[in-house]
Amino acid sequence: MTDYKYRILVPVCSRIQQVLVGNLVEKVKLNTEERSIMSNMQTEIQASEMKQTDVKAEEESDPPVSACHVNRRLIPVKINCFSQFFVISAVFIYMNPILAQSGLSASQLGVTALVTNGLVTCARLVSGPIMDRTKRKNLMIIILSVITAAAILCLLGLPKERDYVMEGRIAEGGYFVAQLHQDHNVAEHNFSENSSQEANICWPITASECRISNYLSGSANHSGFDLALKFQSDTGWTATYSIENVNEPTAPEWWMTESKNANIVVYCSHVCERKNDSKCLSIHNERIKAASYITFVISLALRTIFACSQSLIFGLLESITFGALGPGKSHFFGTTRLIGLLGAAFGALFGGVIISLFSREMNLTFVQFSSIEPDDRYTMAAYMPVIVLGAGFAVGSSMSSLLIKQDTNKYKLKVLEAIGVAFRSIEMAKCMLSCLLVGIVVSLVGEYFTLILTTEYGISHKFLGLMLSAIVMAEIFMFFISGPLVSRLGPSLCVSGAFLVWTVYFATIASVSNPWVLVAAHAWSGLAFPLAAKAILHQAVALIRDKYLDVEVDPGASMQTITNAISLGLIPSFGGLIWGVLLTYLPARVLFVVAACYSLVVMICVPLISLVTNKSCFR
């Protein structure tokens, strides 16, 4: 019995023991798992609390940038950007008229555009990595600003040689008879009320270093001689001069055989005008003498130094701004550019007013010869005050550079890496084609419209400053709405819309002369470039974001550098030369008609090219 109980109790006890031990082990396991879970939860909670603490610390140290928030670290940068844009609109916009006053032709201005824009393109692409490694960016900005101011002031030293034109014929006895054509003079207000039939003309008493050319055939004779006034007719419209101090003895024979009773034009380097006679009617016979090779080389060097230094300054400002904002907030760089555009508006407006105040009035009573071109009137413009003002702002911008604080963490654009990734697709080829087409129009508008409007159109610099300000204000308006338009309509349609704006603009200024209509047309044209630039940048950034890039690379910054270098540097270098050569042989209005036809063709072709390439890629 005892043995039986033992046999029964042992298995039961062992079973009970196993069950108890198993339950105990399970409880221990459960407790261990619960403890591990609890510890993990506590770790996660602590980590989340630490992250929140870090985020709060970041927010306290660097508050989020918004449209209403002012980043104090960027205030000196924005002041500098305002000043630099002021310098560009006050001086560089008038660069071609300033150089034209020194005798540079339209073709020579095109050559300066070719060289300058080409070097600026290289500076934009090559200097990016160099400027990013620069530790003292503010010191570099100060040095470049001083160089800019020096180059601007050197423009005052450019030689401005003049020719004094007299038109007439060679009469019997070897006399030169100068004659003003009363019916040819431009407008009735050019004469006094009592001078419709008889006029007391301020004929030059003497003229020296003269040369003669046939007005009809264009043949020239470079023999030097002097003129001395003998008498003038009773009506005052004709004056007779004796020819003296002829360098070549055979020259009078050539005049008598080839130029007798033929219309000829005499160019003299110096004239002695009648003094202390306010009652006589002045002759507008001053004409710009063609620039020498030395003047051309100096002008090219000064423009190149000015443009390259400005390009490097903007590269440094962009690097500092992107570094302060960081990759996640780089789209707020547009606010800094917006401040710069306001500086451009003020510079254009004040520059035009100052030039008009210091220039000789265009509505003075005067007479002129028929051989004087309308574009010779811009010899009256005085650009010296605006040059001094621009140099002062360039130096003043260097003062604000002392307050610029830059990060020790360098913000890398890595433009070359972006180029290597982006140029492997058809989409990027379309983007670069848009840059090319836009750059051709920009080269005409940016290089020559101030020269054309002040010469062939006779627009005063007050109105010209108003036009430039209207363009900038329209660009600021388009700055706010270009993004939504590109997102909704697409890049191709927006580029086509920009060329529609340019087509209407060129067609308008080619057919009208009213200053207020021209102001409205230029305000309309200000809508084009921001829309086209935003569309091109949107297309490039959307493309490059699909490719592999380093995390430190900001697509917007990198592609903005590339597209600006092409649209504003590489293409305008060739476009400026092409438009300059065309302007040498074509009137300005015909040139604008050509530009309108070009814009119309591009407006139609851009969507078609995009449609065809999209279908081919889909297949």
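Positions of Cβ are set from backbone N, Cα and C atoms, glycine also.
As annotated by TrEMBL, domain 'Major facilitator superfamily associated' applies to 77-592.
Look at TrEMBL and you will find 81-100 (among others) tagged as transmembrane segment. Tertiary neighbourhood of the transmembrane segment (81-100): same-chain residues 109, 112, 148, 152, 155, 158, 288, 299, 303, 306-307, 310, 313-314, 317, 336-337, 339-348, 350-351, 355, 378, 381, 383, 386-387, 389-390, 393-394, 396-397, 400, 447-448, 450-451, 454-455, 468, 472, selected by CB-CB distance under 8 Å and a gap of 6+ residues from either end.
Marked as transmembrane segment by TrEMBL: 139-158 (among others). If you look at the transmembrane segment (139-158), the same-chain residues 6 or more away from its ends with a CB under 8 A from one of its CBs are 80, 87, 91, 98-99, 101-102, 131, 295, 298-299, 302, 305-306, 309-310, 312-313, 316-317, 383-384, 387-388, 390-392, 394-395, 397-398, 401-402, 404.
Per TrEMBL, the feature transmembrane segment maps to 338-358 (among others). Sequence-distant neighbours of the transmembrane segment (338-358) (same chain, 6+ residues past either end, Cβ-Cβ under 8 Å): 78, 81-91, 93-94, 381-386, 389-390, 393, 460-466, 468-469, 472-473, 475-476, 479.
Marked as transmembrane segment by TrEMBL: 378-404 (among others). Non-local neighbours of the transmembrane segment (378-404) in the same chain are 75-77, 79-80, 83-84, 86-87, 90-91, 94, 97-98, 100-101, 137-139, 141-142, 145-146, 148-150, 152-153, 155-156, 162, 286-288, 320, 347, 350-351, 354-355, 357-362, 454-455, 461; each lies 6+ residues outside the stretch with a CB under 8 Å from one of its CB atoms.
Feature annotation from TrEMBL assigns transmembrane segment to 431-451 (among others).
Annotation comment: TrEMBL describes 463-481 (among others) as transmembrane segment.
The feature transmembrane segment is assigned by TrEMBL to 493-512 (among others).
If you look up TrEMBL, you'll see 565-586 (among others) marked as transmembrane segment.
Residues 426, 430, 433-434, 437, 440-441, 444, 492-493, 495-496, 499-500, 502-503, 506-507, 509-510, 582, 586 of the same chain lie 6 or more positions beyond the ends of the transmembrane segment (592-613) yet place their CB under 8 Å from a CB of it. If you look up TrEMBL, you'll see 592-613 (among others) marked as transmembrane segment.
Model confidence over the domain 'Major facilitator superfamily associated' (77-592) is summarised by a mean pLDDT of 75.
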